[in-house]
């Protein structure tokens, strides 16, 4: 369980800190209840890390599928990942969603609540009413949470993701699923906006929401519907106002999904239709 893993990892690192300078910024632990796989990710500075000792002690303390070190640089509020090092195991963990196994590696993003993520997928796909001959677009697609189920139902998918490790995970997951109808592009959604006329569109941006230039480009699309998945109601409201002001799309439904029980955080799936 997560609780046992936290205790084991915490105890092991506490023991090791008595004889080594660890300089760990944070620890990420992911456990899949479906695949039973567990990954431990240690976020550290790039230098001065006793990798062999940490790998050995954690290996004795917890049965992890993967133990990795994520190296970061920069000021505390703007740290960036400069490298990922596998300490032991496979270097990734797997999860089952929509009946499909996905391989994921730190620091790629994946929702912490898999059942909730499946509800998001269900709401998005049913809201868009995806058809077999649809040309689809998936912006900020990550490792493929929406891309894979979308590709199973649509004719072709143009997927864009800015974060390199997530793009690599996406391409690996497409191979695992034997899906060859996806163009997976690495880069900023504004700069790498697909040169296609989409029938349906999914956007799942980070907390900052959509950049104005992305909204402008989306508004020029002929798509019959856009599914906007948001983790911040404030930026969602701001972006919906921009769509309405442009006069291209209007929101027709917003469905909250509680992926983070007993917190104020909430995911929303907003369906927009062409005016």
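Sequential numbering from 1, following the chain as shown.
Backbone N, Cα and C atoms are what each Cβ position is placed from, and that goes for glycine too.
Here TrEMBL has 111, 140, 204 binding S-adenosyl-L-methionine, and the candidate from 85, 161, 192 in that same listed site is 161.
Note: the S-adenosyl-L-methionine site is recorded as 111, 140, 161, 204; in the same chain, 109, 141, 142, 145, 146, 166, 205, 206, 229 also have Cβ atoms within 8 Å of that site's Cβ centroid. When the C-alpha distances from residue 231 (active site, nucleophile) to the binding-site residues 111, 140, 161, 204 are tabulated, the minimum falls on 204.
Looking only at the binding-site residues 161, 204, the densest Cβ neighbourhood within 10 Å occurs at 161. DSSP assigns residue 140 (S-adenosyl-L-methionine binding site) to coil in the three-state reduction, outside any helix or strand. Annotation note: residue 161 (S-adenosyl-L-methionine binding site) sits in a strand segment as assigned by DSSP. Note: residue 111 (S-adenosyl-L-methionine binding site) has non-local neighbours 117, 120, 145, 259, i.e. same-chain residues 6+ apart with C-beta under 8 A of its own C-beta.
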